[in-house]
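Peer 1: Next up is a structure, given as structure tokens.
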Amino acid sequence: MSLTDYLSPSDIAAALRDCQAPDSFSPKKFFQISGMSKKSSSQIKEIFRILDNDQSGFIEEDELKYFLQRFECGARVLTTSETKTFLAAADHDGDGKIGAEEFQEMVQS
């Protein structure tokens, strides 16, 4: 499975264009533009599995840094402040990583 099985390439491209500049990434806006926020809970969980690069069941801070590159190889790396903000917004239990439920909640809120 790949992200384009769930999201259209044109929506992914638009979402990436929106956050090209450093420190311009907003997870909620990215989820909306990419069409992810319109997906079902089960589809979001499948997207999470694709984004969980090491298949640990969590997206850790070091994986978040490369979040945009999971959508397109040439995309930029998130800045340290973007990564920390993204993690803080989704990590509700304070364990320093984002689980599938936390990710789903963030995407759908």
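Please read every residue number as a count from 1 along the shown chain.
From the backbone N, Cα and C atoms, a Cβ is placed for every residue, glycine too.
From TrEMBL, here are the annotated features:
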DOMAIN    39-74  domain 'EF-hand'
BINDING   Asp52, Asp54, Ser56, Phe58, Glu63  Ca(2+) 1 binding site
DOMAIN    78-109  domain 'EF-hand'
BINDING   Asp91, Asp93, Asp95, Lys97, Glu102  Ca(2+) 2 binding site
Peer 1: Note down the number of other Cβ atoms within 10 Å of the Cβ of Asp95 (Ca(2+) 2 binding site), including every protein chain shown.
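Peer 2: Within a 10 Å radius of the Cβ of Asp95 (Ca(2+) 2 binding site) lie 11 other Cβ atoms.
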Peer 1: For the domain 'EF-hand' (78-109), give me same-chain residues lying six or more residues beyond its boundaries with a C-beta closer than 8 angstroms to one of its C-beta atoms, as numbers and ranges.
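Peer 2: 22-23, 25, 27-28, 31, 36-37, 39, 41, 44-45, 48-49, 51, 57-61, 64-68.
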Peer 1: Sequence gap of 6 or more, Cβ distance under 8 Å: name the residues on the same chain that satisfy this around Glu63 (Ca(2+) 1 binding site), in order along the sequence.
Peer 2: Leu51, Asp52, Asn53, Asp54
Peer 1: Whose Cβ lies within 8 Å of the mean position of the Cβ atoms of Asp91, Asp93, Asp95, Lys97, Glu102, the Ca(2+) 2 site, other than those residues?
Peer 2: Phe58, Ala90, His92, Gly94, Gly96, Ile98, Gly99
Peer 1: Select the closest residue to Phe58 (Ca(2+) 1 binding site) from the following binding-site residues, measuring between CA atoms: Asp91, Asp93, Asp95, Lys97, Glu102.
Peer 2: Lys97
Peer 1: Which chain neighbours of the Ca(2+) 1 site, leaving out Asp52, Asp54, Ser56, Phe58, Glu63, have a Cβ atom within 8 Å of the mean position of the site's Cβ atoms?
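Peer 2: Output for this site, in sequence order: Asn53, Gln55, Gly57, Ile59, Glu60, Lys97.
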Peer 1: Tell me the Cα distance separating Ser56 (Ca(2+) 1 binding site) from Lys97 (Ca(2+) 2 binding site), rounded to the nearest angstrom.
Peer 2: 11
Peer 1: Between Ser56 (Ca(2+) 1 binding site) and Asp91 (Ca(2+) 2 binding site), how many Å separate their Cα atoms?
Peer 2: 16
Peer 1: Sort out the sequence-distant neighbours of Asp91 (Ca(2+) 2 binding site) for me: same chain, 6+ apart, CB within less than 8 Å of its CB, listed by position.
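Peer 2: In sequence order, the residues whose Cβ lies under 8 Å from that of Asp91 (Ca(2+) 2 binding site) (at least 6 apart) are Lys97, Ile98, Glu102.
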Peer 1: Let me know the model's mean pLDDT on the domain 'EF-hand' (39-74).
Peer 2: 96
Peer 1: Please list, in sequence order, the residues in the chain of Asp93 (Ca(2+) 2 binding site) that are at least six apart in sequence and whose C-beta is under 8 Å away from its C-beta.
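Peer 2: Once residues fewer than 6 apart are set aside, Asp93 (Ca(2+) 2 binding site) is near Gly99, Glu102.
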